[in-house]
Amino acid sequence: MTQTPVDYKQTVRTPKTDFPMRANASTREVEIQRFWEEQGIYGRLAQENPGEIFILHDGPPYANGELHVGHALNKILKDIINRYQLLQGRRVRYVPGWDCHGLPIELKVLQDLSQAERSQLTPLDVRTRARDFAQRTVQSQCASYKRFGVWGDWDHPYLTLQPEYEAAQLGVFGKMALKGYIYRGLKPVHWSPSSQTALAEAELEYPTKDDGSPAHTSRSVYVKFPLISIAAPETATVMAAELLPRLSAFHDREEELIDALLGERDDLPEIAVAIWTTTPWTLPGNLAVALNGELDYALVASDEHGLLIVAAELVERLAGTLATRFETIATFRGRELEGSLLAHPLFRRTSPIVLGDHVTTESGTGAVHTAPGHGSEDFELAQRYNLGVLSPVDDYGRFTREADSDRRENLPVFAGKAVLSDGNQAVIEALSAAGALLKEEAYVHKYPYDWRTKKPTIFRATTQWFASVSDFRPQALSAIAQTEWIPASGENRITAMVAGRNDWCISRQRAWGLPIPAFYCENCANVLLTQESVEAVQAAVRVHGSDIWWQKEASELLPPGIACAHCGGTAFRKEKDIMDVWFDSGSSWAGVLGRRPELHYPADVYLEGSDQHRGWFQSSLLTCVATEGTAPYKTVITHGFTLDEHGRKMSKSLGNVVDPKLVIDGGANQKQHPAYGADVLRLWVASVDYTSDQLVGPSVLAQIAEVYRKIRNTARYLLGSLNDFVPERDLVAFDSLGEVDQYLLHRLSVVHLEVTQAFESYQFSRFFQTIQNFCVADLSNFYLDISKDRLYISAEVSLRRRSCQTVLYRVLESLTRLIAPVLPHLAEDIWQHLPYPRSDASVFEAGWPVDHSQWFQPLTVDRWPGLIVLRDRVNIALEAARNAKRIGSSLEAKIRLHVEDPALTDELARQKDELRYLFIVSQVELLDELPAEVSVEEGAAVIVLDADGQKCERCWNYSVHVGEDAEHPTLCERCVSALAGAF
């Protein structure tokens, strides 16, 4: 009777799972997001988790334009933190926000209108258009953020245009005003002629070239201010003594020369103080020249330029600049020249010499032209010396008629000319015509531009509203010191900014924003800004929104019977200025954290780009410290900026912009623009050191996608290998596991600890490195490789197989949750494909993995690294034999092995029966001594021989026992035993 052939392939237990090999992210991720939304996973966890409330307060992005990869970096970082906190059992409260007021949106809605059309718009017209634009942008950006996989209260975001938010902001303003921190005054501020409004420091940018060097070029000039008189007689006497031998007109008449220097005669020889400025257009506003009282100044002579006074330290440098040779006649301390009078080169007025610590010898002449209406340091000097303020420039950056007042004869007219173009040229021409121009040259340097119009700004003195930072600066610095800053350098950065900043200009001359709730008496122009008046406006805005300010008259907004405290008048007009948008967003701790149920401040975390040290971090700090005496945050985390793969800024002109939508959903040409999905983008975020600038581009994303693929394939193999495993039935106790199994669980416990520490310390790149190494080195290249024999060949319910499955189960359960904060879609997809029942509908309901401290096995750790290194040596030898065509599969080989390390020799002897599985060969022999022709390299010798015996049809191992079993003549002894359920 002929025996029916057995199909042994059917007895091999290969992995089986319906978890797809390909992610199909563009469709599968959307399905998973729909599942989360339909099941209400985020909302349920946020409400029902047993832990404390965790608040990461969202810094509001601007509701203007499409999202770029920098937005993705920011929101994904926040989501990683929030998802980890949810898995830890905390009740996360994440309210997304948008900054909706301000100039960029106003300009956007006006850009397509003609000047005539713009002039017809009322403030309410502008506001309606701006509001509609902002709300449309919010809807668009909201959808994109959700597609990134970001969880939050998307149905109830905060918008700075919401009436309840605006009312809270007015409350902050009112508290600051009542404490005396808000005032109105004339000061130089950053002014944008292109936008016709004051700007905060955070609304400026400083253009750079691709190499990071400044991209702005100014026309700098060296100018002579003729000396009229010396203030100090002692100085005049010394100067006269040194000058007398050189002046034939005063031969032997020293007393007369002294009198001339003191201004008591009109025959003073031509002496001038030389100044240098990069803003010639500010010279019509000059009211003084500043020296440093502690610097030495030299009176020098040259054939080309006569007698000049410059910093002694700069004489040689200036001689080169002016292409001349200087002879030093006398030197004086700057303080000895204080109060001396100079003639303005263009106007019939004098400019006194004043002293200022800001004057240095780093550049220029050591003498600084001082225009109090065009610089903060100049303004402070003017206050000290009672110089007054002159700023003959209008809102559009053009000279006013005041710029021509007392102008010397035969000089060009300045009025009406733009100070940054033809006005600047006119001043330079006037200096030349007056004989005061020593030199003009181009000067490349940092220069502030309007962040939205991308055009240069100016310093201009105007009447504005200010927050007096100096009044609460010490408290702000103390609050900074009590905050955790990540990276730590952030503390030094914001400390220096707050310590050195001027008062905060909070008013803007536009329509789209929250009004400054001040009124002016029609009779005496006195300002009305009281608790009663602010609360009345606040109440109206809370109900009707800030449009009410433009819809109602002052009398309709103010409480009945209110009167001017100065004159008793009862008629008032409204302030026209609105608040700085940084005051808007800087009040979010009050408008969101202080108003919504279960929210509070200080928040646990603020996280934004490093530019927000001068922006939102600072404005939030100042408003909160001023009103509450504390910082609004406990921890502040900053990230850098996204650059292309070559470290360049992204721009459409360079064609190097990375569009997150294109990364996620792909392009028309999928080969050129693959649909990577949100998780690959998220994995990139976790892979970089976000505290510095990050590189991203096609090759970077391709590398990240490969890491994602390896993690996914690892998970797929784990799922497939557990297709017949029921944890409640099949789990093997730790003590009953084999040593390699215990070692792998030890490694899992270490990975669990390292990943937890990475998330706790916000060092997400450590997560990336740890998970990548675990999936590749520990699992794919080691444990999963050596476990295939047990999983495929052994009897289904054997201890050998169930032990391995127990480890895979533990790994899958932990790994899925460990990756969930960064790769939520992949983690959820794995969870939904678990081959055994789970009570948790979502991986996020399962919580963070439990720390199994009993898995930590130091003894096992000491043994296995040496074995793994030896395994690598064996693999190298096998690969060499394979390349030499001596073997095909490693199972065709027998290994003879000798090591010189006694401890490792003992370990090999102890593990002798398991070595064939460790090396994936058919036989292993340990040699006490080596043949003479074999040498030891790096402490070991590996000899590759042909395996003994015949190839088993079922497991493909070679064995001398193949054919011994009559029922299964083509099988080895292991497979015969496995089919009988005994191996």
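Each residue, glycine too, has its Cβ placed from N, Cα and C.
For 61-71, the entry in Swiss-Prot reads motif ''HIGH' region'. Annotation source Swiss-Prot lists L-isoleucyl-5'-AMP binding site at GLU608, citing sequence analysis. Annotated motif ''KMSKS' region' per Swiss-Prot: 649-653, in sequence order. The ATP binding site annotation in Swiss-Prot covers LYS652. The Zn(2+) binding site annotation in Swiss-Prot covers CYS952, CYS955, CYS972, CYS975.
Shown here: features listed in Swiss-Prot, placed on the structure.
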residue	record	Cβ within 10 Å
GLU608	L-isoleucyl-5'-AMP binding site	21
LYS652	ATP binding site	7
CYS952	Zn(2+) binding site	25
CYS955	Zn(2+) binding site	21
CYS972	Zn(2+) binding site	28
CYS975	Zn(2+) binding site	26
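Taking H, G and I as helix, E and B as strand and the rest as coil, DSSP gives the motif ''KMSKS' region' (649-653) the counts 0 helix, 0 strand, 5 coil. Rounded to a whole value, the Cα-Cα separation of CYS955 (Zn(2+) binding site) and GLU608 (L-isoleucyl-5'-AMP binding site) is 57 Å. Apart from the site residues CYS952, CYS955, CYS972, CYS975, the chain places the Cβ of ILE793, GLU953, ARG954, TRP956, ASN957, SER959, VAL962, LEU971, GLU973, ARG974, VAL976 no farther than 8 Å from the centroid of the site's Cβ atoms, the recorded Zn(2+) location.
The two recorded residues LYS652 (ATP binding site) and CYS975 (Zn(2+) binding site) have their Cα atoms spaced 64 Å from each other.
You'll find the Cα of GLU608 (L-isoleucyl-5'-AMP binding site) roughly 61 Å from the Cα of CYS975 (Zn(2+) binding site). In the three-state DSSP scheme, CYS955 (Zn(2+) binding site) falls into the coil class. Secondary structure of the motif ''HIGH' region' (61-71) per DSSP, as helix, strand and coil residue counts: 3 helix, 1 strand, 7 coil. Averaged across the motif ''HIGH' region' (61-71), pLDDT for the predicted model comes to 92.
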